[in-house]
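**Q** The structure's right below; bear with me while I get my questions together.
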């Protein structure tokens, strides 16, 4: 199932299990058992403060005919040869993201259980479309992963090979427009134990602003976790990162700047989620998302 509205209803079907999982290749030397999600309920609800004035020179233009496309790649089932487990709970993520980005004005499509070649083909074709009337582009990758790699149903592919289709020299109609990638996947096998809380200017050479734009400019990568670490997912509620991302976007997606949004996502994941397990190696573990921005202006989804 891809493109039609019926995918939202289908994706609402979630697994009844309450065990958390991680989006990484299984560790066959040990079994993670009885991992339960413990979500703290003391989220604050203070007034919204943007903390800055919107200066047009430093804002991405959003006055286009369309917000743009959002492609969600939702990989749940994997070929046996990959050694990857079923990602129970990912349909919950995909359904929530579908509604969230649709509410922001995106044209959203969902593609399930894609092979590596299919992922490449989807994004290559998307990059070849005419985005002249669109303000931006978004892509969400939901799958197993390793550092710099993402799993298709039949194997693994470098994330950079997927995103490179949208470089400024390859996708001209998205030049100087934001290209957003949200990635829910493990980036290693380290576990975060958590901890109890108790230079001069550089002389640059000025260039003609109409001369050239770096081909890697205007990208944003929002990862569910930092390099080297596991990323947690609950089969009944979805991944910690996507739960937080959708919650903040639904609350403040049209009034906060994207970096403010993602900073709040970081805070919510860091403070409100924690694993619990009978195995002390996996008990009370934490997670912190990570953003890498090459954006050159501020981005507000309001139009």
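The backbone N, Cα and C atoms fix where each Cβ goes, and this holds for glycine too.
Pulled these from Swiss-Prot:
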REGION    1-26  region 'Disordered'
COMPBIAS  10-26  compositional bias 'Basic and acidic residues'
MOD_RES   30  phosphoserine
REGION    38-41  region 'Exosite'
REGION    76-87  region 'Loop L1'
MOD_RES   173  phosphothreonine
REGION    187-196  region 'Loop L2'
REGION    226-238  region 'Loop L3'
MOD_RES   239  phosphoserine
REGION    274-288  region 'Loop L4'
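Could you give the neighbours, burial and distances for every feature on this list?
**A** Tertiary proximity for the region 'Loop L1' (76-87) is limited to same-chain residues at least six positions away from its ends with a CB under 8 Å from its CB atoms, namely 21, 23, 25-26, 112-113, 142-144, 151, 153-156, 233.
Reduced to three states, the DSSP call for residue 173 (phosphothreonine) is helix.
Taking H, G and I as helix, E and B as strand and the rest as coil, DSSP gives the region 'Loop L2' (187-196) the counts 0 helix, 4 strand, 6 coil.
Through the fold, the region 'Loop L3' (226-238) approaches residues 14-24, 37, 87-90, 92-93, 96, 145, 147, 184-192, 273, 275, 285, 287-290 of its own chain, all at least 6 residues removed from its boundaries and within a Cβ separation under 8 Å.
Classification of residue 239 (phosphoserine) by DSSP places it within a strand. Of all the Cβ atoms in the protein chains shown, 30 others lie within 10 Å of the Cβ of residue 239 (phosphoserine).
A mean pLDDT of 85 is what the model gives for the region 'Loop L4' (274-288).
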**Q** Residue 173 (phosphothreonine) has how many other Cβ neighbours within 10 Å of its own Cβ?
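**A** Neighbour count, Cβ to Cβ under the 10 Å cut-off: 14.
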**Q** Who are the chain neighbours of the region 'Loop L2' (187-196) in space, where the CB to CB distance is under 8 Å and they lie at least 6 residues beyond its ends?
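**A** Result: 24, 27, 145-148, 223, 225-231, 274, 281-282, 284-288.
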